[in-house]
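Report on the structure given below.
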Number of protein chains: 2
Amino acid sequence: MNKVDLSLYLVTDNSDNEEKFLKTIEDAILGGVSVVQIREKTADTLDFYNLALKVKKITGKYNVPLIINDRVDIALAIDADGVHVGQSDMPCDVTRKLIGKDKILGVSAATVEEAQKAEKDGADYIGTGAIFPTATKDDAESVTINELKEIVESINIPVVAIGGITLKNASELVDTGIAGLSVVSAIMSADNPKKASEELLNIFNS
Amino acid sequence: MNKVDLSLYLVTDNSDNEEKFLKTIEDAILGGVSVVQIREKTADTLDFYNLALKVKKITGKYNVPLIINDRVDIALAIDADGVHVGQSDMPCDVTRKLIGKDKILGVSAATVEEAQKAEKDGADYIGTGAIFPTATKDDAESVTINELKEIVESINIPVVAIGGITLKNASELVDTGIAGLSVVSAIMSADNPKKASEELLNIFNS
């Protein structure tokens, strides 16, 4: 199993304003983000590739792992640190074969069954959510805090919670056994992404 | 350079009616289609992957090469015969590195410069179009028959013409030096895909 510090896991959103997007990622890392995932669901492959290269310069500078959502080809092309796949993406076992054993493989799982299958199929960690209502991903299945705890207890790989996590509700997750908080809007849309990151990490470590 | 019979090159469209989609591909192969490319611009990765596996069973049965549009990860995952990339997809040289030297690599090029760069960067063939007005790809640049001839003469790898090719206009392309006709609607939307394929191939070989 590949180990990664999942304490504060940033998933990116809309990169239309690229300069602001890249600055937000760098500020978030300076504030304590421990892993960055690029999620681009509509970009042309070339645009995604070029963006990923730019983000990799930033994550590389701070030695923070860079994960690519869904697109194994982009991850291989830029030699990212890993890939994150959902239940509608490439199957976990196929993804593991494509990326090899040394890259990080994360899988979204909303049930104990999905999480156990992902562990068996080569996942290094699980992302579980949405925990709270979220505007970013309106098709996400919702997972209660009790279900999150059940998933954590059912597998031996770490779990990050994702979906609607904010400074106001993050403390509700501290005792669930998760390895980290995964956020999009709470950092990407924050007025001060560095401060938001510091505060989220403080809550998680408290 | 990997050699492939490009005489009649089928590019797929909408696969919503999967049963009909797969039957059309098989009928087209029985009618003489020499290479099949799957193009899916909106499908989830898992759906694309599963569809590609099904198409591969058909192309494999008839020993017809299967090319995946854009998605190098899908091509690698199902061990397709090759990949076709456009100017907004993964760069040609990066694609070649990812797929290795033995898989077929096609590149869309609308100018002599694009075609020559693709040849230099490892392409096995060029797709050039749109030659005639087309409903399938409304963002395609248009290429005149004279420009098509210029591209054919400017490189040493084969060129297929694509874009709005029908039974009515295909004969206009016979003397351009192309290695084949590439069609979408003329076969995928034909009442009789096998007959349409036979007729297109007859025109090309005449």
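Each Cβ is built from the backbone N, Cα and C atoms, and glycine gets one as well.
Nobody curates TrEMBL annotations by hand; they come from automatic prediction.
Positions annotated as domain 'Thiamine phosphate synthase/TenI' by TrEMBL: B:8-187.
Counting every protein chain shown, 12 other Cβ atoms lie within 10 Å of the Cβ of B:K41 (4-amino-2-methyl-5-(diphosphooxymethyl)pyrimidine binding site). Per TrEMBL, the feature 4-amino-2-methyl-5-(diphosphooxymethyl)pyrimidine binding site maps to B:Q37, B:I38, B:R39, B:E40, B:K41, B:N69, B:S108, B:K137.
Following the DSSP three-state reduction, the secondary structure of B:D89 (Mg(2+) binding site) is coil. Residues annotated as Mg(2+) binding site in TrEMBL: B:D70, B:D89.
Chain A lies within reach of B:D70, B:D89, taking the binding-site residues B:K41, B:D70, B:D89 and requiring a CB-CB distance under 8 A. When Cβ atoms from all protein chains are considered, those within 10 Å of B:D89 (Mg(2+) binding site) total 23, not counting its own.
In sequence order, B:H84, B:V85, B:G86, B:Q87, B:I126, B:G127, B:T128, B:G129 constitute the residues six or more apart from B:S108 (4-amino-2-methyl-5-(diphosphooxymethyl)pyrimidine binding site) in its chain with CB-CB distances below 8 Å. Figure note: comparing Cβ neighbours within 10 Å for the binding-site residues B:Q37, B:N69, the maximum is reached by B:Q37.
Between the CA atoms of B:Q37 (4-amino-2-methyl-5-(diphosphooxymethyl)pyrimidine binding site) and B:D70 (Mg(2+) binding site) there is a gap of 10 Å. Mean pLDDT, taken over the domain 'Thiamine phosphate synthase/TenI' (B:8-187), works out to 95 on the 0 to 100 scale. By the criterion of other Cβ atoms within 10 Å of the residue's own Cβ, the least surrounded of the binding-site residues B:E40, B:D70 is B:E40.
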